[in-house]
C-alpha cells in the first residue's frame, strides 16, 4: 500500500491517523431509532435471503443458470447487510465512534464491494432475460450454469480489483486536520475530502467507478429492455406478450429498488447534504436485500412452486410417519 503514498521521498509530513471518527447524522435528535430500524430490516433480510439460498440449494429443479445468478444476488445481499449493519449498530448504539484506520479501510472495502456487486448482478440477470426473450431457441446453449458462473466470477474479480484500488489510493492521503467522517460508515467520498495533500487520484477513481459500476450497468439494462420491448412487439398474440413480460417484472422491480435511491446520492448536479447521503446510502444498502427475496418469491413461479413443494413435504412427512 505504501506505493500509493505520494509523500514518500519528499519533505512532507505524512499523517496517518490512528482512527477515524464516524459522525453519523448531524443535528437530528433520537437518531438511534433509525439505526434500530436498520437492525430490524437487517434481521428480516437475513431470514429472507437465507431462505432463498436454501430453496435454491434444496430444490434440484432450481439449479439452472438463472438461479445461479439469483443465488449469488441473495449471497451478496446477505454479505453486504452483515458487513454493514452490525458494525453500524456497534458504532452508534454502543458509542464506538472511533474506528481504527486499517479497520475503517477494510470496512469501506467490503461495503463498496457488495454495493457494486449488486449492480453487476442486476446486469447478469438482465442478460438472462435478454437471451430468454430474444433468442429463446438458443437459451439453453447461451445461458448455461457454467457460463453464468464464469460471468459472476469475472464480475467478482473486477469489483474486488476496483475497490482494492479505491481503498489503496486512500493510503496515499495525509490526514493532518480533521478525522471526522460525515457519514454513517467509512464512506469513500467523505474520507478523501479530509486529506491535506493532493486527493485528485481518489476523486478521479471515485468518479470513474461511479460511471463504470453504476451508470454503465444502468445504461446496459435500459438498452436491453429496449431490445426486449422491440422483441415483445413482434410476438403475435397479446397473451404471449404479457406472459413473456411477466418473466421480467421481478428483475425490473429490483432495478428500480436499487438504482433510484443510489443515483440520487451520486448525481453530481445535486449538492447532497450529509444527512441525505446517509439516508440514501443506508436505505440502498439494506432495503434491496430485504425486498429482493420478497420480489422473487411473489413474482417468480419457480420459486413459489419450490416453496410450496418444500412446505407440503414438511407437512406431510409427519403424517407418513
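First residue shown is number 1, and so on along the chain.
Every residue gets a Cβ built from N, Cα and C, even glycine.
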Which listed span TrEMBL calls transmembrane segment, if the choices are 147-170, 171-194: 147-170
Among ranges 2-22, 65-85, whichever one TrEMBL labels transmembrane segment: 65-85
Stretch contact, the transmembrane segment (204-228) with the transmembrane segment (276-298), Cβ-Cβ under 8 Å, 3+ pairs: no
Residues from the same chain, set at least six apart from the ends of the transmembrane segment (147-170), whose C-beta lies under 8 A from its own: 1, 4, 65-66, 68-69, 72, 105, 108-109, 112-113, 116-117, 120-121, 124, 127-128, 188, 191-192, 201-202, 205-206, 209, 212-213
Average model confidence [pLDDT] within the domain 'G-protein coupled receptors family 1 profile' (48-296): 90
Stretch in 33-58, 65-85, 276-298 most in contact with the transmembrane segment (105-127), if contact is a CB pair under 8 A: 65-85
